[in-house]
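S.K.: Here it is, the structure in full.
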Amino acid sequence: MPLGEKAGFEKSQSRYCGVETEFNDDIPQLLNFNLSTGSFDFVVAPLMNPTYRPSLLEKDGVLPFAASDLVLSPSQWSSHVVGKLSSWIDLDSEDEALRIDSETTLKQEIAWANHLSVQACILPPPKGASCANYARCVNQILQGLNNMQLWLRIPLVKTDDDAMDANSTSFIDSWELWNSFRLLCEHHGQLSIALDILSSLPSVNSLGRWFGETVAAAIINTDSFLTNGRGYPCLSKRHQKLITGFFNHSIQIVISGKPAHSIPRPSSDLAANNFDNNGESPQRHPLRPYLDYVGFLFQRMDPLPEQERFELGYRDFLQSPLQPLMDNLEAQTYETFERDSMKYIQYQRAISKALLDRVPDDKASATTVLMVVGAGRGPLVRASLQAAEETGRKLKIYAVEKNPNAVVTLHSLVKLEGWEDIVTIISCDMRFWDAPEKADILVSELLGSFGDNELSPECLDGAQRFLKQDGISIPSSYTSFIQPLTAAKLYNDVKSHKDLVHFETAYVVKMHNIARLTPSQPVFTFTHPDYSTKKSNQRYKRLQFEIPSDTGSAMVHGFAGYFDAELYKDVHLGIEPSIATPNMFSWFAIFFPLRTPVCVKSGSPLEVHFWRCCGSSKVWYEWCVASPNASAIHNSNGRSYWVGL
């Protein structure tokens, strides 16, 4: 691979670079030159002679395709050729003859590409702001397409507000062009984007939108390259950062255009070594220096950290949240959570601080009663005992666990470690246990990705009765957060189920191909212990977000949910991006999808409503958008998704 094997990147990760070519009816020679001589991975090649017009073809004439399907094997067509549709196609032209020819040609070329088993075809960009007929034709084709992807070519352009002429009525944002087209095609999962990267780039916020869209390829024209001190092509710092972002999001790179740099000739010694046995200089691909530079950018990327490599398989994979009260966790789930050392380091720090505050040095010999509620297989019991040893305090621990399978492991652990005189194991649901004495400290790890979504409030309300009036709860409080997202892949995955239930379910996701459009905002907060007389775990919050003006318009496919917990005083634990606990993997974010994505114009507020609802046997969330366009209220009465009590 020209971009090199890279530690921490799996095969599905982007490390391929293609080249855009002119029409050539000798496809094997085209492939040989660009792949063998040029070391590119694939070609973006026209499949039809560009002079062809259906209205000029004689009756029963043979279509002027580039080559027979037999000149390459099916695997070569599939792996090394991306079809490029004729650039003259204009299905929204005022010229009826051109419009009819365009539709005929589009269908013929895609049918041929489908026959060849190429994995993708690049559609020419829409010729104007109106592209309804073009989209209609493409949408018709998509309905009958097998596995082939269609990449709509879109130039990466956005005019800044302050760069516009005061009298100008035109505001160019190519995202708007893409958005119109994909709305007309009903967000079809096989329609993606091939972004044309130009010499000037929009703002960072504007670029960020594209990482949540279905961008399959980035086409970099040679005109976009600068020249370094040695005469070789290079890219600006902003372009470099953008390309690195494309690598991280598995977006393929394509080099396009003619050589724009006069590469220095090699020295005589080096040149002598490059002659072949016949004394002839070997042919060098004119675009090879551009490929070498892209390869250099890839090679200098930092390898993925171990945690990121571990999480690769979970990227953008929708998982149903746990039902910890209804279901007993399996050993594998416990093992995954127990490997998260950072979480237990934070718990140990919180317990140590609580013990020092609770028991002064002159009373260090006094015994503190600590209850671990939801003890699982014992990691919090271990963290508590380590905190006691660290602070020189004495503990009496009750380990309360409802899962009988985990209780078996707990008994083995206590016996193995010799904790029989310190730890008492209680096999019972914490809500129904009658404690023989009250606790000084109550420790739990009942938090979900959204804080309260695994029923921590309900569980701790039930356990609070056996905490002393001045007792300490760890965690002492937790807050949920939401953040609007562009997340086309997640939306398409939910949409593929073709039912209401999946659009009204919150999913745990290792989010990757997303664009976070604004900073997150807090939603619900719970504090423990809570001795208020009118206590209710129902919550309602109205939130208003504003997308930065330089972003431009953006599509909101749903919301990311996070939490941040105060374990004790200044010791916190959480996944909210701006304050997330580093090197922790027990929780991925949660995703609340929207049945109909909402397009938010630059400067327009996005008003969102969230409810936490409680019934006799379940807890559920409802959510909706009220502005700029009202959505349906999702998951009314918990009809699709709930957490069982």
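If you go along the chain as it appears here, the first residue is 1 and each next one adds 1.
From the backbone N, Cα and C atoms, a Cβ is placed for every residue, glycine too.
The active site, proton donor/acceptor annotation in TrEMBL covers Glu445, Glu454. Positions annotated as S-adenosyl-L-methionine binding site by TrEMBL: Tyr334, Lys343, Tyr344, Glu401, Asp429, Met430. According to TrEMBL, the feature domain 'PRMT5 TIM barrel' maps to 40-300. As annotated by TrEMBL, domain 'PRMT5 arginine-N-methyltransferase' applies to 306-474. For 477-643, the entry in TrEMBL reads domain 'PRMT5 oligomerisation'. Feature annotation from TrEMBL assigns site 'Critical for specifying symmetric addition of methyl groups' to Phe337.
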S.K.: Any same-chain residues 6+ apart from Phe337 (site 'Critical for specifying symmetric addition of methyl groups') with CB under 8 Å of its CB? Would you list them in sequence order, or say none?
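M.R.: Sequence-distant Cβ neighbours: Lys343, Gly376, Pro379, Ser586.
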S.K.: Looking at the binding-site residues Tyr334, Tyr344, Met430, which has the shortest Cα distance to Glu445 (active site, proton donor/acceptor)?
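M.R.: The answer is Tyr344.
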S.K.: Find, for the listed recorded positions Glu401, Asp429, Glu445, Glu454, the residue with the lowest Cβ contact count at a 10 Å cut-off, counting only other Cβ atoms.
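M.R.: Sparsest of the recorded positions Glu401, Asp429, Glu445, Glu454 by Cβ contacts within 10 Å: Asp429.
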S.K.: If you measure Met430 (S-adenosyl-L-methionine binding site) to Glu454 (active site, proton donor/acceptor) at Cα, how many Å is it?
M.R.: 15
S.K.: In Å, rounded, how far does the Cα of Glu454 (active site, proton donor/acceptor) sit from the Cα of Asp429 (S-adenosyl-L-methionine binding site)?
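M.R.: It is 15 Å, counting Cα to Cα.
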S.K.: Hey, what's the widest CA-to-CA gap across Tyr334, Lys343, Tyr344, Glu401, Asp429, Met430, the S-adenosyl-L-methionine contacts in the record, in Å?
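M.R.: So the maximum pairwise Cα distance among the S-adenosyl-L-methionine binders is 24 Å.
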